[in-house]
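Asker: Dropping the structure in here first, questions after.
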Amino acid sequence: MEQEQVIAAKRVWESVKLYTVKCAKCSKWRLIPTKEKYEEIRERIGERSFLCDTARAWRPNVSCNDESDVKQDDSFLWAMDKPRIPQTPPGWQRILRIRAEGGTKFADVYYVAPSNKRLRSMVELSRYINEHPHLCVGVNISQFSFQPPVPLDEKYTAKRARSTTHDTSSTPSAGAYHALQTKNDSSGVPESAPTEAKAPAQS
C-alpha cells in the first residue's frame, strides 16, 4: 500500500496540442498556459464568462485590442468542450485521444489515477475509488466526466443518423476549445510516445 502512494506519475501522450478560450467580449482566442488552468476555466465558463482581462493573470498587459493568440484554421483539428466538465482532482490526469477520421466516435476520454491505473468508464472509476480509499481521499465520482469534446469539423466523424449531426451554426462565440493534433497526423502516435500536451510559452 505504502509503495503505491509514492509511484511517480507517468508522462501520458494525448491528442491536445493547445488549450484555448474565446473572449466573450471580442471573440479573440487566448492561449491558456497550462492544462490545469484550462480545466479550471472550463468548469466555470457557463457561469463566469472568459474575458481577455482574465488572461492578465498570466499575461499582465493583454486586452481585447491585441490580436488573437491563435487562428482557427485547417492546421489543426478543432474541438469544443462541453461546459461544466469538472476540474480533474489533484494527482489525477484526464486524457483525450482522438480517433481516426471517418469513425462514429470522435475521441476517447479516460483518467489516469495516482497509481498510474487507466480508467475508461464510470464503472471502472467507481470500483477504483472504493478499492483504493487511501489514494482517493476527498475524491468522489462527481469530479469526473467521460464526455468527449465536439469536433467543429462535422465531417470528421461518420453520421449515424441525422439527429446526431453536430450543427456548427449553433456553436457559441465564446467557449473552451482544444486545438488537437495536426490533420496530417490523424493516424495517431504510439501510446508509449514520450510527449506531453502543453500550450506554448507566452512571450
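Using N, Cα and C of the backbone, Cβ positions are placed for all residues, glycine too.
Take a look at what TrEMBL says about it:
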- 7-72: domain 'CW-type' (DOMAIN)
- 78-151: domain 'MBD' (DOMAIN)
- 157-203: region 'Disordered' (REGION)
Asker: Report the DSSP secondary-structure composition of the domain 'MBD' (78-151) as helix, strand and coil residue counts.
Answerer: 16 helix, 19 strand, 39 coil
Asker: Which whole number is the mean pLDDT over the domain 'MBD' (78-151)?
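Answerer: Computed over the domain 'MBD' (78-151), the mean pLDDT is 92 on the 0 to 100 scale.
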Asker: When the domain 'CW-type' (7-72) is classified with DSSP, how many of its residues are helical, how many are strand and how many are coil?
Answerer: 16 helix, 8 strand, 42 coil
